[in-house]
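Taken from Swiss-Prot, the feature heme b binding site applies to His63, His92. Marked as domain 'Globin' by Swiss-Prot: 2-146. Per Swiss-Prot, N-acetylvaline is recorded for Val1, and the stated evidence type is similarity to another entry. Taken from Swiss-Prot, the feature phosphothreonine applies to Thr12. Marked as phosphoserine by Swiss-Prot on the basis of similarity to another entry: Ser44. Marked as N6-acetyllysine by Swiss-Prot: Lys59, Lys82, Lys144. As annotated by Swiss-Prot, S-nitrosocysteine applies to Cys93.
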Amino acid sequence: VHLSGEEKAAVTGLWGKVKVDEVGGEALGRLLVVYPWTQRFFDSFGDLSSAPAVMGNPKVKAHGKKVLDSFSEGLQHLDNLKGTFAKLSELHCDKLHVDPENFRLLGNVLVCVLARHFGKEFTPQVQAAYQKVVAGVANALAHKYH
C-alpha cells in the first residue's frame with residue numbers, strides 16, 4: 001500500500017488509540033449481522049441467531065480481537081502486506097475456503113466502526129487513508145487464491 005507520510009501518520013496515530021478487543025469484536029460482529037452468509041464460517045461459535053446474540057457472543061469478540069491483532073501487525077509492515085499476510089491468506093484459501101470478498105467487506109465494516117468510535121477525529125483524510133489500508137490488507141489476504 002502506498003501511503004504518504006501524512007497518511008501513515010494519520011493511520012498509526014489513530015490506531016494507537018484503538019481498543020483492539022472492543023473494536024475487533026464489534027467489527028466482526030457487525031460483519032456477521034449485516035452479511036449473515038458470512039456466519040457459515042463460524043459454525044463452532046454457538047448462538048449467532050440474532051444481532052444481540054452475535055454482538056454478545058464471547059467467541060465473536062475473541063476472534064475479532066485476533067483479527068485486529070493481525071491487522072495491527074500489518075500496519076507495521078505496510079510495504080509488505082502480501083508477505084505479512086501470506087500464511088493467513090493460505091489458511092483462509094486452502095483450509096477454510098473463505099470467499100476473498102469477505103475480506104473487503106470486513107475492511108469496510110472496520111472503517112465504519114472506527115468512524116463510530118472516533119467521531120470527529122475520524123476526518124475524511126483519516127478515512128481515506130484507512131480505506132487504502134483495508135483495501136491493501138484485503139488484497140494481500142486474497143493473494144493466495146487461484
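Glycine is treated like the rest: Cβ placed from N, Cα and C.
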The residue listed as 'N-acetylvaline' and the residue listed as 'phosphothreonine', Cα-Cα, nearest whole angstrom: 14
Per-residue Cβ crowding (10 Å cut-off), top of modified residues Thr12, Ser44: Thr12
Cα-nearest neighbour of Lys59 (N6-acetyllysine) within the listed modified residues, Val1, Ser44, Lys82: Ser44
Tally of DSSP helical, extended and coil residues in the domain 'Globin' (2-146): 116 helix, 0 strand, 29 coil
Alpha-carbon distance [the residue listed as 'S-nitrosocysteine'; His63 (heme b binding site)] in Å: 18
Rounded inter-Cα distance in Å - the residue listed as 'phosphoserine', the residue listed as 'S-nitrosocysteine': 19
Alpha-carbon distance [Lys82 (N6-acetyllysine); Val1 (N-acetylvaline)] in Å: 10
Where Val1 (N-acetylvaline) sits in the secondary structure, as DSSP reduces it to three classes: coil
